[in-house]
Amino acid sequence: APSPPDGGWGWVVVFGAFISIGFAYAFPKGVAIFFKEIQDFFGTSYSEIAWVSSIMLATTYGAGPISSILVNRYGSRPVVIFGGLLCGIGMVSAAFCTSILQLYICVGFITGFGLALNLQPSVIIIGKYFLKRRPIANGLAMAGSPVMLCTLAPLNQFLFDNFGWRGSFLILGAILLNCCVAGALFRPIGTATVSVKTQVTEEGKDGLKEEVTKDAMEMNNPGNVPLDTKTEEEGGKDCCEKINQYLDFSLFKHRGFLIYLIGNVLMFLGFFAPIVFLAPYAKHIGIDEYSAAFLLSILAIVDMIARPTTGIIANSKWVRPRIQYFFSFSIAFNGACHLLCPLASGYTGLVVYSVFFGLAFGMVCAMLFETLMDLVGAARFTSAVGLVTIAECCTILLGPPIGGTLIDTFGDYKYMFIKCGAVMVLAGTFLFIMNYYNYRMLAKEEKERKAKEEDPKSVRTENEGRNNWNKETIQDKPELEPLREEREGLKKEANGT
């Protein structure tokens, strides 16, 4: 694979990923502005309306392996363009829904699958364009989520006041088509190299080109390829082997990957529910609609600043060697904010909570994929993203509905915030302890490897002595010649019979 250029067209790719990742993360949260009105329109409960965002988020994460397979097969550009078309189709179809079940299908599954085809390819292609500046590039691309959320929250309220929720869904479907434009910016990294090589061969190597073309025609001729070889190759690859070409299941033997997977699955049980119910909670305690939507804008503005700043800090020489600890602290800090949220009284308290929540949320999101790439490497990152997202989709699906059930049962939002905070503090503590164990084991393994490399003399001298003795006994001793002649004679007799 070509080496990452760490700049150049890569910054244009970061801008495209900024748009794609922004819509993928911010859109399920921005749609929460319409939940109170859709709930009154269809006469549903909090838990039932919360399934719209849950299904969308779970589909976005659960379709990760499909997205990874498509990226490995076709590249990031066509996958993102197709995902943008699906997002537009899903939201336009949702404008004509007549039941909450139809909203689950159009907004949850169709739009969620389109967002999945935007998220994974955008994260993967940044890893191909950047190496040294990868944390900064990831932080800038992840900043698309708060920018889009800051824009969508007041925009959705404005659209609802003027066009209703059906007209708003039509306009949002058209806005989501901008993901197709973002996907067009994802130029494959090997294109320039291939074009240069083609130009050189056309100018100075005509004879070689003809010879290669002739050999290629002979290879493509079906008559020259034995049928037995084809059938053996096709029969030798079963279904599991073909799937393993696109998804590396050996990652489940990777210690760091398993620690990351367990911690993130637990974290997502309380990650999205607070942001989904923040605006409905503000409306519930008597705050007007625009002020409630402005809370999401405050959260997004702080998040917007926190993500690039976190990327710069994570790229420093003090933090990057131990970036897993920084990620664990961010998750625990996020949970602590939710635990303290019930103490906030009135609009001023919710503004303070939104500021700290935006800071903690941005820190987690900026390092979410960087820490995974730090553990498994860029070569296995595509498979790792797909496997992680399919495992996380279950807790993402259950998080907001469980929060809605707690609200319906107790008639108070504070139990939902306490549940989310406790789960995230537990996840952060687990990751901190297990990452400490993982770093200790890696240091021990590295020390043992260096010890073997520094003291290879005894093994080398033993192997050299054994090889020299074998050569002397086989080649130099004349008394072995009669035995060799007798052995050759027996072979000839056996072949004759």
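The backbone N, Cα and C atoms fix where each Cβ goes, glycine too.
Remember, TrEMBL labels are computer predictions, not curated facts.
For reference, TrEMBL has these:
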type	residues	note
TRANSMEM	7-27	transmembrane segment
DOMAIN	10-439	domain 'Major facilitator superfamily (MFS) profile'
TRANSMEM	49-71	transmembrane segment
TRANSMEM	78-96	transmembrane segment
TRANSMEM	102-124	transmembrane segment
TRANSMEM	136-155	transmembrane segment
TRANSMEM	167-186	transmembrane segment
TRANSMEM	257-278	transmembrane segment
TRANSMEM	290-306	transmembrane segment
TRANSMEM	326-345	transmembrane segment
TRANSMEM	351-369	transmembrane segment
TRANSMEM	381-403	transmembrane segment
TRANSMEM	415-437	transmembrane segment
COMPBIAS	447-465	compositional bias 'Basic and acidic residues'
REGION	447-497	region 'Disordered'
COMPBIAS	473-497	compositional bias 'Basic and acidic residues'
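The average pLDDT for the domain 'Major facilitator superfamily (MFS) profile' (10-439) in the predicted structure is 79.
The transmembrane segment (290-306) shares the most Cβ pairs under 8 Å with 351-369, out of the stretches 78-96, 167-186, 351-369. Counting Cβ pairs closer than 8 Å and at least 6 residues apart in sequence, the transmembrane segment (136-155) and the transmembrane segment (351-369) reach three or more and so form a contact. Same-chain residues lying 6 or more positions outside the transmembrane segment (257-278) and placing a CB less than 8 Å from one of its CB atoms are 28-29, 32, 50, 53, 57, 61, 251, 295-296, 299, 328, 331, 334-335, 338, 341, 350, 354, 357, 361, 364, 368, 371-372, 375-376, 384, 387-388, 391-392, 394-396, 398-400, 402-404, 407, 413, 416-417, 419-424, 426-428, 430-431, 434-435, 438.
Two recorded stretches are said to be in contact when at least 3 C-beta pairs lie under 8 angstroms, sequence spacing 6 or more; the transmembrane segment (326-345) and the transmembrane segment (415-437) meet this definition. 167-186 is the stretch from 49-71, 78-96, 167-186, 351-369, 415-437 with the greatest number of Cβ pairs below 8 Å to the transmembrane segment (7-27). Of the candidate ranges 78-96, 167-186, 351-369, 415-437, 78-96 has the most C-beta pairs within less than 8 angstroms of the transmembrane segment (49-71). Tertiary neighbourhood of the transmembrane segment (167-186): same-chain residues 12-13, 15-20, 23, 27, 34, 75-81, 83-85, 87-92, 94-95, 107, 111, 114, 118, 121-122, 125, 156, 159-160, selected by CB-CB distance under 8 Å and a gap of 6+ residues from either end.
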